[in-house]
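According to Swiss-Prot, the protein carries these features:
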type	residues	note
MOD_RES	Met1	N-acetylmethionine
DOMAIN	16-190	domain 'RHD'
MOD_RES	Cys38	cysteine persulfide
MOD_RES	Cys38	S-nitrosocysteine
MOD_RES	Lys122	N6-acetyllysine
MOD_RES	Lys218	N6-acetyllysine
MOD_RES	Thr254	phosphothreonine
MOD_RES	Ser276	phosphoserine
MOTIF	301-304	motif 'Nuclear localization signal'
MOD_RES	Lys310	N6-acetyllysine
MOD_RES	Ser311	phosphoserine
REGION	342-388	region 'Transcriptional activation domain 3'
REGION	414-476	region 'Transcriptional activation domain 1'
MOD_RES	Thr434	phosphothreonine
MOD_RES	Ser468	phosphoserine
REGION	520-550	region 'Transcriptional activation domain 2'
MOD_RES	Ser535	phosphoserine
MOTIF	535-543	motif '9aaTAD'
Amino acid sequence: MDDLFPLIFPSEPAQASGPYVEIIEQPKQRGMRFRYKCEGRSAGSIPGERSTDTTKTHPTIKINGYTGPGTVRISLVTKDPPHRPHPHELVGKDCRDGFYEAELCPDRCIHSFQNLGIQCVKKRDLEQAISQRIQTNNNPFQVPIEEQRGDYDLNAVRLCFQVTVRDPSGRPLRLTPVLSHPIFDNRAPNTAELKICRVNRNSGSCLGGDEIFLLCDKVQKEDIEVYFTGPGWEARGSFSQADVHRQVAIVFRTPPYADPSLQAPVRVSMQLRRPSDRELSEPMEFQYLPDTDDRHRIEEKRKRTYETFKSIMKKSPFNGPTEPRPPPRRIAVPSRGPTSVPKPAPQPYAFSTSLSTINFDEFSPMVLPPGQISNQALALAPSSAPVLAQTMVPSSAMVPSLAQPPAPVPVLAPGPPQSLSAPVPKSTQAGEGTLSEALLHLQFDADEDLGALLGNNTDPGVFTDLASVDNSEFQQLLNQGVAMSHSTAEPMLMEYPEAITRLVTGSQRPPDPAPATLGTSGLPNGLSGDEDFSSIADMDFSALLSQISS
């Protein structure tokens, strides 16, 4: 950058006969931000140009040809000649009225200046700051007052070092002022430091045209370009001002390389460049690749993925011989096969309105072994038997029927128990059913009195006297059952259940461990124990009903 400065402002004045000032450590030109006074914080410290994150340096001068007492004043002037006093101020230790002034150490000739910061002023306070420079005689190059009015570049300043020493006679001797390199405000995009932060890819085809997204610090879209340089070759990326996003991102296409028939990868430098001051950023490496059909680098990505997978498998603790695992245990899941037949849904039994519609020819007698008759009868007997009457007294009407000899009950020969097989009745017409099923579906409330239910009804349309009930049809049904029993000489259905037969014959059943709830008479059926009926056919129902009504 030294070739950009005029030779009339040398940093080392040609004075062979006397002392002179030399800047041995220039201030860092970019990367520092000027602070406003209203920010209420320190303006920082001006670093040296060789300053790093680990090694800090500061602006340093050397007084050649002199050792002894003296003073130094450091002030801010404009970047371009004539070097007028700048409205910005130096702040820090030993600073006043916008400049720094201190005594030099007489024992050394090299002096470093730390804790110097630059504080900027607002545009509305510009005239006031210039007037203050004139009043304090802060004008190193004695620029006339009328020339101090005008525009100022508020984004760039220079440090001016003014040193005063003693001559051999002890009188003050002012040495020639020395100017530093320009210092730019990092906040201004037209003077800020150029820096490439990140790119989405750092390689492309030698034919060019690859789209690249570049992130950077603040730039001006009309004063920025992407610069490619290589051995004997330079080019610029292709983009427009619309491709600069909010001054921090640039989308451009790579230029073609000088040799389109490239056979091996070539590395070049990629930089940001500001045409106004020819400022360049730190270079970033970019690689041009030979032109192939695989423009999207599928094979390269596949190879990289495969190598990564292999390295992971080598480091895996599960990589190695393992014992064979037993076959997985199968869990039995119930399933309905195609040959399985679903069970038919139970159908409600429809009873006929009259007993005369029942066909007794369809019924077959129920045969049980002698030892199982009482048990089966007890199992079929309900727990709560209906109470027929509160008091059961035999009347004279029932004496003839009781005097008749009981019908013989067929006894089977002892043998192995036979399983009950209910024959499937043939349905003759709708509404027909077996008498046994009809009797099983009859339900009575054990807590209600049948006589009370019949006697308490005041409806004239209902039977008021049980003697008026016509039981001739039911008597004919019973006689038909007796005739069938004598003709076939086989036990008939009407001889059961066995509980009624036991009551008729007067046989006593051994007591059960948990007897059922008894009726009023002390027996499950509400009958006395001395009543003997060998069959339900021998019972005189007319006398029984008249007994209940009385």
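Glycine too: its Cβ is placed from the backbone N, Cα and C atoms.
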How many whole Å apart are the CA atoms of Lys122 (N6-acetyllysine) and Lys218 (N6-acetyllysine)?
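Distance between the two Cα atoms comes out at 21 Å.
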For Lys310 (N6-acetyllysine), identify the closest of the modified residues Cys38, Lys218, Thr254, Ser276, judging by Cα separation.
Thr254
Taking the Cβ of Ser276 (phosphoserine) as the reference point, list residues of the same chain whose Cβ is under 8 angstroms away and which are at least six residues distant in sequence.
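Ser276 (phosphoserine) has long-range Cβ partners Asn190, Asp223.
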Please give me the CB contact count at 10 A for the residue listed as 'cysteine persulfide', counting all chains in the structure.
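Taking every protein chain into account, the count is 6.
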Go through Lys122, Lys218, Lys310, our modified residues, and report the one whose Cβ sees the most other Cβ atoms within 10 Å.
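When each Cβ's neighbours within 10 Å are tallied, Lys218 leads.
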State the count of C-beta atoms found within 10 angstroms of the C-beta of Ser311 (phosphoserine), not counting that atom itself.
10
